[in-house]
Amino acid sequence: MGLRGCLLGLLALFVAGKCSYSPEPDQRWTLPPGWVSLGRVDPEEELSLTFALRQQNVKRLSELVQAVSDPGSPRYGKYLTLEDVAELVRPSALTLHTVHKWLLAAGAQKCDSVTTQDFLTCWLSVRQAELLLSGAEFHRYVGGPAETHVVRSPHPYRLPQALAPHVDFVAGLHRFPPTSSLRQRPEPQVAGTVGLHLGVTPSVIRERYNLTAQDVGSGTTNNSQACAQFLEQYFHDSDLAEFMRLFGSNFAHQASVARVVGKQGRGRAGIEASLDVQYLMSAGANISTWVYSSPGRHEAQEPFLQWLLLLSNESALPQVHTVSYGDDEDSLSSAYIQRVNVEFMKAAARGLTLLFASGDSGAGCWSVSGRHQFRPSFPASSPYVTTVGGTSFQNPFRVTNEIVDYISGGGFSNVFPRPSYQEEAVTQFLNSSPHLPPQSYFNSSGRAYPDVAALSDGYWVVSNRVPIPWVSGTSASTPVFGGLLSLINEHRLLSGRPPLGFLNPRLYQQHGAGLFDVTHGCHESCLNEEVEGQGFCSGPGWDPVTGWGTPNFPALLKALLNP
């Protein structure tokens, strides 16, 4: 049956037919460890599904991101408003009409759009959804540390062929919530304690990265920062207060989070949520802070995607966002990854700085057709975010030089080609590194990450009123780097300049100016005879373990203040 025949059957679009297609044929579906099925969902139960509608002018959006983010461009810092972005990417009238008519015919209720009109979230009964999405079969699952309930389909879905030019994918069918890779390491053993610190605290960070008591927000600008959490974890105000009482007495800081977007659960605080808030607010001290907390949570929604929808629906947002979420690139469909990448482009065009943790599995490892390869992580591998790796102190009890934290995620994307801004730096690394793994383990032409790093080992966190030592992961380094960028934004705003926006083009042009180069150590990878657990190694300049290095705040401020 041809396309014309499909279009004539708009009223029956939700019925399975010969003219259907799979929007995400490469989406891997496996039940994550620790999750179990509770069986089919009642056909009359309501669920919420999000439809990603095809955007327009994506190439033009990419060009504008380059123009507003490149210090050599006359458009540098002249960011787009949300309304500008909406005008550019809004789906065509035909797309909007076709999808609305299809959903209406299927009985969808209460459909909500966003300002950019490229996402549509609708409520349907399970019976309607299974008719609409041919092949889907909704089951309820429970799992994860918080015993989270989700509704997902173990089978792929198909859409009418007539929708192929109009719908990128439907969210809420396959992807499960991520789990935290944060770990509590055993305390290193050392003899004697004179002149030593007993773990990373705000004062250790401020000493290592050369911040003074005056390096705090002024309280006179509209500067703000945010962290986003998708793990069904919550922070407690009482933990933040106790953390600042113990560790924040020598610098001005804000006593509470300015705004929580989403629902704050009443259960126990999670270590990761506590860590994000406490170190974003102590590194970016005295700056208004928002927390996105599993926003818009419904069993059939994907919290990370809901956060992206919020960015597309709010015109006044914090300038810096730090996120500790990540998935294996290969676990996600091409349609999903490419579309999420466009969402990052939309944020970059608006002058938002998005920082993502590089992950805690080193180069990663998986087997493809019986051969081992490194395993890149997304969104760390997106060319439109700034990715933060991790380091340790050379001497774990002294504020010394930093070396690689062996868990620091890094490598080369198998999806995104190397962006032009890092061409020189990555070529230099590949040509000069004496310890390159075999070429078959990684895609040397892919987007390479991380871009920068910070301490990720041995943090103190207060959770449920209890101080917890030796918490480690790039979930720690990311809010620290984000907080320092917020302080730099404060200086920029006070001097009448725009915020930093998407940092990478400038960062690479300046060859990591203002950063301590980390030149010692390698991260972990495949435990086999060929590479023996070793991934990439750090060296002079940029490397795929610690990027350009860790912040030297006065020098970084000087490098990023003008223009």
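Easy rule for this one: first residue shown is 1, then count along the chain.
Backbone N, Cα and C atoms are what each Cβ position is placed from, and that goes for glycine too.
Listed features, source TrEMBL:
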- 1-21: signal peptide (SIGNAL)
- 199-563: domain 'Peptidase S53' (DOMAIN)
- Glu272: active site, charge relay system (ACT_SITE)
- Asp276: active site, charge relay system (ACT_SITE)
- Ser475: active site, charge relay system (ACT_SITE)
- Asp517, Val518, Gly541, Asp543: Ca(2+) binding site (BINDING)
Cα-nearest neighbour of Val518 (Ca(2+) binding site) within the listed active-site residues, Glu272, Asp276, Ser475:
Ser475
Cα within 10 Å of Glu272 (active site, charge relay system) is the criterion; apply it to the recorded positions Ser475, Asp517, Gly541, Asp543 and give the hits in sequence order.
Ser475
At the level of the C-alpha atoms, what whole-angstrom distance separates Asp543 (Ca(2+) binding site) and Asp276 (active site, charge relay system)?
25
What whole-number Å value do you get for the CA-CA distance of Asp517 (Ca(2+) binding site) and Ser475 (active site, charge relay system)?
21
Env. residues of Ca(2+) site, Cβ within 8 Å of mean position of Asp517, Val518, Gly541, Asp543 Cβ:
Gly512, Thr519, Ser538, Gly539, Pro540, Trp542, Thr546, Gly547, Trp548, Gly549
Spatial neighbours of Asp276 (active site, charge relay system) that are distant in sequence (at least 6 apart) but have CB under 8 A:
Cys227, Gln229, Phe235, Val291, Thr322, Ser324, Ser475, Pro479
Taking every residue in the domain 'Peptidase S53' (199-563), what is their average pLDDT?
94
For a quick check of packing: other C-beta atoms within 10 Å of the C-beta of Asp543 (Ca(2+) binding site), how many?
31
For the recorded positions Glu272, Asp517, which one has the sparsest Cβ surroundings, going by other Cβ atoms within 10 Å?
Asp517
How many neighbouring Cβ atoms, not counting its own, are there within 10 Å of the Cβ of Ser475 (active site, charge relay system)?
33
